[in-house]
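Single-structure report; data block below.
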Amino acid sequence: MRIVFMGTPGFAEVILRALIENQNNNIEVVGLFTQMDKPFGRKKELKAPETKTYILENHSNIPIFQPQSLKEPEVQILKGLKPDFIVVVAYGKILPKEVLKIAPCINVHASLLPKYRGASPVHEMILNDDTIYGVSAMLMDLELDSGDILGSASFLREGYLNLETLSLKLAHMGATLLLSTLKNFHSITPKPQDHASATFCKKITKADGLVGFKDAKSLFLKSLAFKTWPEIFLENNLKLLGVELVENEKSHREGEILRIDERGVLVGCLKGSVRIARLQAVGKKPLKAKDYLNGRRLKAGDILA
């Protein structure tokens, strides 16, 4: 079974690794298509996609392609690889009709479709306080995440998970689902999605990390969803790190410092309160909340803004 894999971030790398390292010798990954290396960090040094790094470090015999687009030259390259399947996981590009014709294109998407079609499904699960998390395998078509479902897997939330932890758990679940889907592909009856029930999610931007002290639970959920990037910050760009939801019922003055101790600062919201372990001013290192507030001469009763 010859497979071309299309995927870019760490979520895709977990699934690519499972494909290559599984005990079924019938699977052969014959090529990786991934996004181009991109500038990263303050120095804007080029950073390779996680999938590319994994292949270079572990399976350098597998060819890597990083095209800007999927046009006729790339289509011919794909055809030349003679795939039985094209597996797509967080690739970052919509496949044109010419690619979809080459072989069945199976997409592993980090949501229970038709819920959360688009670029940030894991963020949306967290932000919407979902109690069931899951992944879907679908047969791709020309529209965004709208293809027929080949299978899905899910689990019931037992506690709050941040983006990194939930993504990793879903990636491993997606890998198991994909291997099963490939093995049983010819006996699976694809099921059309209920398009009327579809919801969509957008690409996350820096501005999404801006928060205020209105709703404690919303602030807490954003801290989980945006932990890796863009993190959460106030209008003065003060970052809030290590946020804990204390309660979500009482009403306080917006941003009122209720208590300061070694665990952090307890801050009131219009609804609820949160404890913040560390604070980070622009261009500075993170500090214990107590140390930061002492340096600013802020005390209980003052407003954190």
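Glycine residues also receive a Cβ, built from the backbone N, Cα and C atoms like all the rest.
Record features, source Swiss-Prot:
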- Ser111, Leu112, Leu113, Pro114: (6S)-5,6,7,8-tetrahydrofolate binding site (BINDING)
| field | Helix, strand or coil at Pro114 ((6S)-5,6,7,8-tetrahydrofolate binding site) [DSSP, three-state] | value | coil
| request: Output, ordered by sequence, the same-chain residues six or more apart from Leu113 ((6S)-5,6,7,8-tetrahydrofolate binding site) with a CB under 8 Å from its CB, or 'none'. | output: Ser136, Met138, Asp145, Ile149, Ser152, Gln193, Ala198
| Can you list the residues of the same chain, besides Ser111, Leu112, Leu113, Pro114, whose Cβ falls within 8 Å of the (6S)-5,6,7,8-tetrahydrofolate site's Cβ centroid? | His109, Lys115, Tyr116, Arg117, Pro121, Gly134, Ser136, Asp145, Ser152, Gln193
